[in-house]
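Take a look at the structure set out below.
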């Protein structure tokens, strides 16, 4: 099975997550040799978080990357649902969370807005379904008893999440929250913002296939990103130059466990790959990784036809669908391969 972190990767040389390097046609080799380069990888959020960056000063580069990883560690503790003392851990166990950290409040609000816009293609209230799947040791909702399937929509109703100021309440004792489908991309953005604030602008951040490129101080500086062919993993379907953008991919080649089961559509009581058998993957480009990560999840859930209609109404985004019949792109996808 091809994992997400190997599906979307950059070309060049970046350790375990796949190679990456700036386009040589943009900056000559002797120019790059004048810059210090550092690449570092840590295990965060259940995957590998990697940073590759260039800067004129080795000291600035080292301090910036150190600060970025420290920021990632703090952010990971905020958004996880697996730690009992984390904000989501407290909310899910007690049904109420007071004095909620602003980062958690803001991300939950964004999640609920996207839930409404995508008609539950993305749904942070899906956690009860995840618990049921794990408890029954199955990876598909269709493997559950019909009596249990009938409860899924009720259990994962996003209207159970009530927010007032810094207090978040769950209106049902059966409700619980997961930000698995958006938090990783959001942490990538937090890391990228820390690097920018530290004065490092030429970088690539990769968290298990959620990618964000720095703004770069060099005009037209770009990074070359390869999108694997879902049906032939040894090949690249597209090679895309990116600058100051983000990209994420979702697909039915992923294990549900590695994604925290966030590819479940309780509204239809089916696993996504059953909903859209013609779709094998969808890659999304967006201004931020928070948007790319959550939209990749939502669009794959919505399916090609409905998802493409949605993305075509939002010109800030572009997507590439891979299906059993070939690739399909949104109207604002400007890359030819």
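Any Cβ shown, glycine's included, is placed from N, Cα and C.
Per TrEMBL, the Mg(2+) site holds 293, 297; the candidate it also names there, chosen from 121, 165, 181, is 181. Compared over the binding-site residues 293, 297, the count of CB atoms lying within 10 A of a residue's CB peaks at 293. A sphere of 10 angstroms centred on the C-beta of residue 181 (Mg(2+) binding site) encloses 27 other C-beta atoms.
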